[in-house]
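Peer 1: Sharing a structure, written as structure tokens. Questions coming.
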């Protein structure tokens, strides 16, 4: 370890930062999908990640399902959870205001967290890495293969979403809803179904983030809130509602955290992202890629 | 809703004054004064929060931070510097006011989601500071040896004595808030809640009023925190975390955030729920909290305080 030069160390932090940043990016993308269609800020987004990780552990490790089957089943399960969240917690709110909807998602995240504690207990769970724990050595860098899986899945999610939003009727209908809900309804788009779809897609992406993260960082019932906040910080940093912004914001945040923990005080690891969030909110609430006008029209 | 009637206040004051005398005589209720001490401390927090959220319409998901700032100022200054506890309470309130001013001035320009996340982030950062500055705060293990309060040789060493102290402070906060709401400031706040644009057009200095309420709510929370610290003689970061901020939201949502009475009812109910009744649910505690919060948000947007009106409207229909 001591033979590492400073440059090598800095590169090492960068790899870690990119990996954790990819997770934040996925959470931020999930935020944006729901936010764009509904203007709801889903604070339960982190619980999708937590559930993804823990359900995967149960299916893959405890039940012994093969990796791919367990992966698909986990994503499907969390997707259903996301749809239930819309139907049971968000849509029934009688006086939907920003405040009441935020409180509804907070309540939902407490229920998810509490149920997860009842099912899995308080201990963290491990998941075998997708292609073994043998690290890849690259020019003095130690790269865990799981890091590449995380980054790869983030890229995959991005590509699939881009295709979905630009090439499919359903995706275009969803974009229409986020541009102008009333107009979308006028041309015959079922906006309620689009909202449900947004929750479903968002939950699925959260599950992917959770499944890929667990082999690196373990998973327990209590992780959701912090992941949601970091993901939100990434979304704000990039510009709320913008998908390229979410990826950029996630990666910048991951790098800040990784370098902050490595070079400054590691105990304050969780604080760096939040300090950045506060600074962005105070100085430039529209984020890096968000236009000021867009931010204003979205703000309720 | 807006007017604070004198008779209910008198009834409330008498009830609070007599309660320990009755509770002390019934063996099954003997520990209720202890619960009421916590309930009173929570009331200080929720009264301030209802001014901010219910009346001014500004969300705060990090209010536990100010509670913690009060508690830790009292704790650190008494334990490490041996200062007079009353002076420390004052210092805690002052520090909370300054922090609220520094955070509130930029934060309250934000609206809706952005404000929610800014306060959330602030609350977590403060909690991390409590955990990490081990030299001063004792870190996750907490800070022990915080002295109890005494005044001119009179020691607040029994629960019942502390009960009266806490509830006297609550009464002060209540009267202050009631007066504030009936003053031009209160009317301005309600105007801001209804429509910021309209209020601004009427010449109400929106930003200044919002920050003022934020500071008032922070000072009340800090007072509650100091009272908690001197009562427990021990504090740790877990008391002031995100979960408690959310519990505070639950209190005012349950009681009804558009009324100070509602905020107090919510605080007392949750204090009894969490210390007395929820034990029966054991591990289900978090789920129960979540369900209560969800049901209140969906079905009773005005909380318990809005219930009588809901019922009469139902009947009339």
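Glycine is treated like the rest: Cβ placed from N, Cα and C.
Pulled these features from TrEMBL for this protein:
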type	residues	note
TRANSMEM	B:34-52	transmembrane segment
TRANSMEM	B:64-83	transmembrane segment
TRANSMEM	B:89-107	transmembrane segment
TRANSMEM	B:114-130	transmembrane segment
TRANSMEM	B:162-181	transmembrane segment
TRANSMEM	B:211-228	transmembrane segment
TRANSMEM	B:286-307	transmembrane segment
Peer 1: Count, for each of B:64-83, B:89-107, B:162-181, B:211-228, B:286-307, the Cβ pairs lying under 8 Å from the transmembrane segment (B:114-130), and report the range with the highest count.
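Peer 2: Per the Cβ count, the answer is B:64-83.
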Peer 1: Can you work out whether the transmembrane segment (B:162-181) touches the transmembrane segment (B:34-52), with the criterion being 3+ CB pairs under 8 Å where the paired residues are 6 or more apart along the chain?
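Peer 2: Yes, the transmembrane segment (B:162-181) and the transmembrane segment (B:34-52) are in contact.
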Peer 1: Between the stretches B:89-107, B:211-228, B:286-307, which one has more Cβ pairs under 8 Å with the transmembrane segment (B:64-83) than any other?
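Peer 2: By Cβ pairs under 8 Å, B:211-228 leads among B:89-107, B:211-228, B:286-307.
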Peer 1: So if I exclude everything within five residues of the ends of the transmembrane segment (B:34-52), which remaining residues of that chain have a CB under 8 angstroms from its CBs? That is, six or more out.
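Peer 2: Apart from its flanks, the transmembrane segment (B:34-52) reaches 19-20, 58, 60, 63, 67, 159, 162-163, 166-167, 169-170, 173-174, 177, 180-181, 189, 213-214, 216-221, 223-224, 227-228, 231, 248-249, 251-252, 255, 257-260, 262-264, 266-268, 270-272, 275-276.
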Peer 1: Report, as numbers and ranges, every residue of the chain located at least six residues beyond the transmembrane segment (B:211-228) whose Cβ falls under 8 Å of a Cβ in that stretch; write 'none' if there are none.
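Peer 2: Contacts of the transmembrane segment (B:211-228) (Cβ under 8 Å, skipping residues fewer than 6 from its ends): 41-42, 44-45, 47-49, 51-52, 55-56, 58, 60, 63, 66-74, 88-89, 92-93, 95-97, 99-101, 104-105, 108, 165-166, 169, 173, 180, 185, 189, 235, 239-240.
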